[in-house]
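For reference, Swiss-Prot has these:
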- 2-22: transmembrane segment (TRANSMEM)
- 35-55: transmembrane segment (TRANSMEM)
- 76-96: transmembrane segment (TRANSMEM)
- 99-119: transmembrane segment (TRANSMEM)
- 124-144: transmembrane segment (TRANSMEM)
- 151-171: transmembrane segment (TRANSMEM)
- 218-353: domain 'GGDEF' (DOMAIN)
Amino acid sequence: MFEAIIYNISVMVAGIYLFHRLQYSENKRMIFSKEYVTVLMTFVSLLLAAYPIPFQNEYLVHLTFVPLLFLGRYTNMIYTLTAAFIVSLVDVFIFGNSIIYGITLIVIAGIVSAVGPFLKQNDIISLLILNLISIIILLFLALLSPIYELVEILVLIPISFIITIASAITFVDIWHFFSLVNRYENEDKYDYLTGLGNVKEFDRHLNEVSSKAEEKKQSLALLLIDIDGFKDVNDHYSHQSGDAVLKQMSQLLKNYVPNQFKIFRNGGEEFSVVIRDYTLDQSVKLAENIRSGVEKSSFHLPNKEVIKLSVSIGVGYLTQEDRKSQRKVFKDADDMVHVAKSEGRNKVMFNPIVKL
């Protein structure tokens, strides 16, 4: 029995490490993938099904439901039920387990996936709550069906909680470790708070786009976006609230900026968008859409308060005929931001170019 318990815990811990390691090896960035974790936890669940824990040479304790708790917490109902269905089929038709237990596994998957994403507790507590829900379902099964004895559930309770705690701690710790490694390896390119390109990457990208625009005789535009009154958010609420605003702002910008253009956080409360081969009207319209979108949006703070914000946007623009000067387009955009601020904020300002 002891060997089987160690095996089950080892399979879970090794599987969790493998998930993080494979994902990091593939893209060098820690981006949570529902597909990755579903494939992994399905495989781990099958390994646990192949090696149940014997007790008194009479009972077998199955822990195949534990990996499904992670799917219920971190993915959604479709992924969790798909994994449960696959595991149930293999468990019944290959490992010879009862079809009633297979159905119970699917019921557990459905319930934990409906509850898991909405739990407000931290990850470890949330997984323990899902484990408790699963135990209650299995207890109900033991009372109604002769195929599962009450003594098996009593043995299952401490073992399942131990493996859930060990797996949850491993999952969270390894995630934090690889996230720190990812942050260290990408700090020259990415802003760790928002995930956008940082000011170094902005300079490199603007230089690259300027060269391409010059070579292909295309226009070049730059939007500098500054959050109005951001210092007041930090001072009145907290720096944690300011960080929350920056994260939400970066997501809002992603919703408005076309995929072919890159967004950067230049530092503090300033963001930028580099645009190539757009007319001045198109560039100004994009800036106005962003300004209007921010004005209509609500920003949620960690203390549950909701605030409204605005942005001032400066547009720098070089026509197809202009020499593509990285310094000039930045200066024009920066000057226009200051004009927008002086004109009362919450404005888009640009310097119209008229050639006679």
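Residue numbering: from 1, along the chain as shown.
Backbone N, Cα and C define each Cβ position, glycine as well.
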Using Cβ distances below 8 Å and needing 3 or more such pairs, separated by at least 6 in sequence, tell me whether the transmembrane segment (76-96) contacts the transmembrane segment (151-171).
no
Could you tell me how many residues in the domain 'GGDEF' (218-353) are helical, how many are strand and how many are coil under DSSP?
59 helix, 36 strand, 41 coil
